[in-house]
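Summarising the annotation, TrEMBL assigns domain 'Fibronectin type-III' to 52-145, 176-267. Look at TrEMBL and you will find 272-295 tagged as transmembrane segment.
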Amino acid sequence: LPKNRVKIVGGNITIESLRRSDFGFYQCVATNEVATIITATQLVVEGTQPHAPYNLTGTATEFSVTLSWLPGYSGGPDYKQDYTIWYREAGVSEWSTIPVTPSGSTQVTINRLAPGTTYEFQVIGKNALGDGMMSQIITVRTLDILDYSNIVLPTDSSGAPILPPIFRPKGPKPGIPRNLTVTENNNGFLISWMPPLERANLIQHYVIKYRTDGPWKILNKGQIRPEETNYLVKNLVGGRTYYFRILAYSANSYESSEEVKFSVPARVKHKAITAGVVGGILFFIVAIILSVCAVKICNKRKRRKQEKAYNMVACRITDSRNGGNADSQVPLKNF
């Protein structure tokens, strides 16, 4: 906590200007040479928007995904919490939303999904004060249809079948890229993966996508050939957490790997700062050397001009004393 919001008087600690982020468990540790005693307490900040739901999980059928989660702190005993599901197909920028019914429920089934497709899901809570924080994003892939002659459709509460959307097969999909990893080396960060075990021959190119706190973005500048299984990136920000996935594209469709989380060490940022400082010092030294050289060259040229002028005067004085031309440009003074 910032020191300007905390006051310690005797055995009491006072936190001023409470915020939603102050919610949590706090420990008091007393220690000496003999023993260490720890006591903990929970700080509950009431009258705030809900905290993020957690432990979001999903199970899939061919046309639906059933989600369940644990509720975050609702904001206080006087606040009722409702939920909204955000979902989209992996690789698509636009989100769709569905309010969860009945009110307060922590489980919902999303119907009318396409078979054999990877979707992203997250849930947000809301109370009378407004929207809370988003849960972590999870990815769930609907099942492939193996037998079109024996399709079992989901049903609603009355038992009526829920018809799936009319879809046109996009063509055969490649298999799922495997073992996506991110490792640091001397040149940057190497993103590696293995080709699918199935239908790898359909792959025409790969695309790497990443995100931090925002939407997914394409990382690679050009298409990655199907025989390539690694990609070097140099400009990851130190101390930041990234999420990566690799998409294998066929002629008319694609398949996505599982999402991989990678936390960039904070020392990477320190390396960049150190390199900048060293570069600045070297530039300053080079500038000083060039300035000294320029001054020396100017002084040398100035001395040459002075010596040349002195030699011309001395030469004319000598010629005059030896009976030279009396109309010399440098007149002689009489003493």
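Cβ coordinates are placed from backbone N, Cα and C, and glycine is handled just like the others.
Look at the domain 'Fibronectin type-III' (176-267): DSSP puts its residues at 4 helix, 45 strand, 43 coil. Across the residues of the domain 'Fibronectin type-III' (176-267), the predicted structure has a mean pLDDT of 89.
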